[in-house]
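Below is one structure, written out as structure tokens; the observations come after it.
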Amino acid sequence: MADYLISGGTGYVPEDGLTAQQLFANADGLTYNDFLILPGFIDFTADEVDLTSALTRKITLKTPLISSPMDTVTEADMAIAMALMGGIGFIHHNCTPEFQANEVRKVKKFEQGFITDPVVLSPSHTVGDVLEAKIRHGFSGIPITETGTMGSKLVGIVTSRDIDFLAEKDHTTLLSEVMTPRNELVVAPAGVTLKEANEILQRSKKGKLPIVNDRDELVAIIARTDLKKNRDYPLASKDSHKQLLCGAAVGTREDDKYRLDLLTQAGADVIVLDSSQGNSVYQIAMVHYIKQKYPHLQVIGGNVVTAAQAKNLIDAGVDGLRVGMGCGSICITQEVMACGRPQGTAVYKVAEYARRFGVPVIADGGIQTVGHVVKALALGASTVMMGSLLAATTEAPGEYFFSDGVRLKKYRGMGSLDAMEKSSSSQKRYFSEGDKVKIAQGVSGSIQDKGSIQKFVPYLIAGIQHGCQDIGARSLSVLRSMMYSGELKFEKRTMSAQIEGGVHGLHSYEKRLY
């Protein structure tokens, strides 16, 4: 018998791979392409993988995906789409406070349970008022009360069916002449549960269901469109009022307090303090201010890349941390400022420290593929923030343009001179608003059209689930537990290994991801 054969079965398995602790034990800075995760044992299907993960101490998402607060990535359309698919979007602040607050308001109004502050008109208003409300708010199903306010006696409702075929000369017609009167309405009594109200609405086949008290006064309304959204987007991120979750970015200067007030009034659920280097007296002071004035508001600090930076913000009271410095595709901070850290190392080091205090970590930057998302989550990140990966989608701000026959959208770093020249908010992010000479920490560019994130994000979700399946983790919490226990094994990649792991040896090929 050959001396290399083992008797007694296959109980012996040699140690293979590195634990995360061993991977990051030396002083080398590693990023996502520098290592791989070794596969585990599969005893479940990919669609069984639970992607629920914490955004902050008190907010949990069903999908660990976040859109970055950049002016070429996230405004209302992106934030709505991200929330519908289980993630969240952060509205950028390279704009006026009023514009930003209005974008948050659009997200919060997109889907609601009981709508307690709907647009209400009186019988003496005109058809023109309804059309104006439709332009401003995007809908025309408007309840009519005696005084045109909530809490007043319900007398009817105006829908698009009542006014669709009216000529322009009829825009001065009073609503009392065109509305559907109270005696033809289906209503529900105050105190009804949302589930019961939705059942009544389904049976009635109406577009809106007014909720009235025993004096027939309007107290709320629910919309049929929200029923459809519930059916079509089961993973949607919602608050306790069944409105979509929405985040917003603010700076750390004194005038940002006014912006913060408007954002909280608009209904923002979480605030991210937007700074390229978060370990500053300015950010610590702003965290203290927010926690004192708005104790219910969740605050994400950052950006940080070391445990020492994280400590100061955790001590200040942040509910989450944003990790990354100079690793974004449009960021040149490491090149210009000589500061930063490779993103793989940054995520692991900060997450390993912050978890001891129950503070979730967002991996922000350097995400180029769905594999990078899986690696970031495997290193301890609870969620992943994306900029370039979501840029040039239909929902991203900006207009498409063509160059050499390719459909493109502009994408720029918030530290680029383009962004700084648009608004001082992006200058504050890099502590340069008072400088005579602006030091760019980002570039402007363009990205090829990716289509709608309604297709792209489901691809990312499925990719994460398949990655976790190959690893042998049924959920993201299991994935992190495997990493910290040492069960999850990694391996460094040489440059040759990275080339081998990509497409190679072909004369030509087409790379279709979804």
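Just so it is clear, glycine is given a Cβ too, placed from its N, Cα and C backbone atoms.
Note that the coordinates shown come from a computational prediction; the quantities given were computed from them, not determined experimentally.
The domain 'CBS 1' feature in Swiss-Prot is assigned to 114-173; the stated evidence is sequence analysis. The domain 'CBS 1' (114-173) scores a mean pLDDT of 83 in the predicted structure.
Annotated phosphoserine per Swiss-Prot: Ser160, in sequence order, evidence recorded as similarity to another entry. Its Cβ taken as reference, Ser160 (phosphoserine) is surrounded by 12 other Cβ atoms within 10 Å in the chains shown.
Annotated domain 'CBS 2' per Swiss-Prot: 179-237, in sequence order.
Summarising the environment of Ser275 (NAD(+) binding site), the number of other Cβ atoms within 10 Å of its Cβ, over all protein chains shown, is 23. The annotation NAD(+) binding site is assigned in Swiss-Prot to Asp274, Ser275, Ser276, Gly324, Met325, Gly326 on the grounds of sequence analysis.
Among the features that Swiss-Prot reports, K(+) binding site is placed at Gly326, Gly328, Cys331, Glu500, Gly501, Gly502, with the record citing sequence analysis. Under DSSP, Cys331 (K(+) binding site) is assigned to a strand (E or B) in the three-state scheme.
Look at Swiss-Prot and you will find Ser329, Asp364, Gly365, Gly366, Gly387, Ser388, Tyr411, Arg412, Gly413, Met414, Gly415, Gln441 tagged as IMP binding site.
Sequence annotations record features per position, and here Swiss-Prot assigns active site, thioimidate intermediate to Cys331.
What Swiss-Prot records for Arg341 (among others) is omega-N-methylarginine. Taking the Cβ of Arg341 (omega-N-methylarginine) as reference, residues of its chain lying under 8 Å away and at least six apart in sequence are, in sequence order, Gly29, Val305, Thr306, Met325, Gly326, Cys327.
As annotated by Swiss-Prot, omega-N-methylarginine applies to Arg355 (among others), with the evidence given as similarity to another entry. A helical conformation is recorded for Arg355 (omega-N-methylarginine) in the three-state DSSP classification.
What Swiss-Prot lists as active site, proton acceptor is Arg429, and the listing cites sequence analysis.
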Min neighbour Cβ count (10 Å) across binding-site residues Ser276, Ser329 flags Ser329
Select one residue from Met325, Cys331: among these binding-site residues, choose the one with the most other Cβ atoms within 10 Å of its Cβ. Met325
Ser329 (IMP binding site) to Ser276 (NAD(+) binding site) - Cα separation in whole Å: 14
As a whole number of Å, the Cα atom of Glu500 (K(+) binding site) is distant from the Cα atom of Gly365 (IMP binding site) by 25
Gly502 (K(+) binding site), Cβ-centred 10 Å count of other Cβ atoms over all protein chains shown, is 7
What does the structure give for the C-alpha distance between Gly387 (IMP binding site) and Ser160 (phosphoserine)? Integer Å is fine. 38
What same-chain residues, at least 6 away in sequence, bring their CB to under 8 Å of the CB of Gly501 (K(+) binding site)? Leu36, Arg493
Give me the Cα-Cα distance between Ser275 (NAD(+) binding site) and Cys331 (K(+) binding site), rounded to a whole Å. 13
